[in-house]
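Listed in TrEMBL:
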DOMAIN    41-148  domain 'BTB'
REGION    1-28  region 'Disordered'
Amino acid sequence: MTEPSRKRPRPTDPAAPEGCPHTRLPSGATKKDDEFWFDDGNLIIVAQDVEFCVYKGPLVKHSPVFRDMLTLPQPAEAGELGHRPVVSVPEHPTSFRHFLREFMAGSGFQLPGDEPVFEVVCAVIRLGHKYEVDRIVEKGLGYLKKQWLDNYSGWSFQANLAYARYWANPHIAERCISVVNIARLTDTPSLLRPALFECCTIDPQDLLKGHQREDGVCERLTAEDVTRVLLARTELVKLDALTALRIFRNTSGECYDYHNCTHAFQDAISELTESPSPSRMFSADPKRPSWFDCASKTDGPSFCDACLMEIRRKENEERSEMWNMLPSILDIPEPPRPEFW
Ligand SMILES: [Zn+2]
């Protein structure tokens, strides 16, 4: 499924510093970059306090923004340093270094066999978008789309991985804030459902604090998306409660221990409605232990295998249905229907 065209006009990255590239001599103290200073380079780019001496050709060839900047007549204040033109950009040097690697080293965010680094991927997408280098924007978005899958089976698998990653680093969940903003910036709707849904799992206080990027920018959702997430979160908790009540309503038609299972179902409902333990609180978070897991490890009367299988089947069915309702719950466009051949 192809995404809609993301050609101009390009919205500005709301989290990026203000300013546009322009040519001028650097002011104040700057230092040469250790990685991108080629003695025979023919262009100096100053990103904040770091100077990069690189080759103009690849930038002019692939970036219409740099092409215009470096080939059109420059204002009187444009400068040269050692007979090389000097361009100042407002980007953080770390982010700009990631971007340059895509041009000068062929791969900014993935070495063979390596897992791409999330912060690098996002920086390259943001700058690729700003400087209109579609090739590297598509490459970065391709990685994000593999991590934030917009289909139920893929998402369900990734949610399990996210659960494992979450315990290694709880702050990893806040990365989805950056993914939502990149989806908005690049007009990539297929990232919206999985990333906004993940935002619903973040504690609202942490959501408002935002995601601290490596370039120092604290990235937050727009006010519209914060509202969207908080409203959806309430709706998802309600759906989770209804799901649990439906799952624990009846024994399976295949039940072979009806008396014991009837008690088990009654106990489950009593616990949910009267004194829920922390692991059985209704939640918008799919990383919370499943109702099937709770039923398998109950301290009270145990369920027979037939009833356990029925609990699992119903839960999968309810979760799949919830996934299909997400565009409506999140108030985002419905994804296009799959194409059948
Ligand atoms: Zn049973």
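Indices start at 1 and increase along the chain as displayed.
Each Cβ is built from the backbone N, Cα and C atoms, and glycine gets one as well.
TrEMBL labels come from automatic prediction, so no person has curated them.
It should be emphasised that the depicted structure is a prediction, and the values quoted were computed from it without experimental measurement.
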Across the domain 'BTB' (41-148), average pLDDT on the 0 to 100 scale: 84
Residue distribution over DSSP helix, strand and coil in the domain 'BTB' (41-148): 54 helix, 18 strand, 36 coil
